[in-house]
Ligand code: FAD
């Protein structure tokens, strides 16, 4: 009697609690129907940092993160190089945020397709777009579509297990690869192409990529930039990694470094140290030990400066295949960061079977109702507030363009979260009306046959990947298709 009375009381209070707070599909309290509800589009660093700041700063805000893929973390999973596991530690912070009782994650929801931004704006008090920069800048030169030419975005996606790049199957049967662009992504690609397989085997690089790299015949990688050594976009950590990469030696052109030594004194300290490192690799006679190391090396990497792509050259014997690249030789006008590359009229051809263009990512519009600046490839905004669209915000690479590291994304996402809160506090953002949040969006998605993946379901995928990795001595072996991810998530 006492037991059944207790049961009645418990289920009644549970019912009252659910009525007031609601319980969403993920088993979390949906929070009071009158609490401000914020929706975030994109489960990468920008999405999670924006959510983190909102949740921390206000005790009443509830945040739902919608992510296109069944798995979270954006470029931390699909961009950051497999041999940089320390960078991926930010995932622990994102996981804490996702597990917070006022945060819910819905993966496998493609905003703009499965649900519109308008529908999200109806359901939430504020919508923050943080869907990154998934497009690719094209070189705009003849031959760009020949086989053997890839964007760094696809190449990186391939070795990191991005489902849409699974079929890339890059042809690594040539000796020389040319990478266009000298940023950190270009250096990541060069390192992956030249790293000893035993190094990569211990990372979370995908097994098919590992096998392809094991069979690769690429021995020489040239990393080409439009401007000079003192304008290089890569940072010292990545250049140092190249300098120290086992079984490789640097191969630079002394002419590229003419006058560079003399300009060192005018450089800001970080750039000065980076330039000194390159000068050392390019011009200095190495000590005995380094000399010995270089002599034994079977692979070569080189930075090439003052060069821009003019045309990808087709192989006359193998139709549709790349046989080389024509580069224009540039000179600089002006100096320092603002120096401009101008053509000299001279060109040179480099024989190569693989060309990887690493000249930048770009954001794409996902919904016609959202203002988009096609020239700058960002959503026009002021401190994250999207112009002419009250209640709509943006953060991360969509807000700033695809530059900067995760720490930069953290700062700009916190700024956007601050704008949202300021607007809530000033009343510019009306949070008095009741909004149904995920309750109404989940109903829409169900009608459309979309099955969102909750964070605890992602954790099942995570466990499976770690289990598969452990079996072969890797930190994880990523699932490579959306279908398999959904199956493991129990969808
Ligand atoms: P993203 O990380 O791209 O996240 C956007 C998310 O939105 C993705 O999960 C995507 O699937 C999702 N999305 C896209 N469209 C939709 C849609 N329609 N609906 C729902 N969701 C959608 N920084 C470092 O500090 N260290 C590094 O070593 C480093 N390495 C990098 C390597 C590469 C190859 C690249 C490209 C970048 C690297 N960065 C690194 C930079 C870092 O990854 C970015 O600063 C950061 O990921 C930007 O975060 P974001 O959330 O704006 O974009």
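The backbone N, Cα and C atoms fix where each Cβ goes, and this holds for glycine too.
TrEMBL does not curate its annotations; it predicts them automatically.
Not measured: the values here are computed from a predicted model.
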NADP(+) binding in TrEMBL involves 182, 183, 184, 185, 226, 227, 404; of 214, 238, the partner in that site is 238
Simplified DSSP label at residue 111 (FAD binding site) comes out strand
Residue 227 (NADP(+) binding site), Cβ-centred 10 Å count of other Cβ atoms over all protein chains shown, is 20
CA pair residue 182 (NADP(+) binding site) / residue 404 (FAD binding site), Å rounded to integer, equals 14
What remains of the binding-site residues 185, 238, 405 after requiring a CB under 6 angstroms from ligand 1 is 185, 405
Long-range Cβ list for residue 46 (FAD binding site), cut-off under 8 Å, min separation 6+ in sequence, same chain only, gives 74, 130, 132, 395, 396, 397, 398, 399, 409, 412, 413
Reduced DSSP state (H/G/I helix, E/B strand, rest coil) at residue 184 (NADP(+) binding site) is helix
Densest Cβ environment (other Cβ within 10 Å) across the binding-site residues 182, 184 belongs to 182
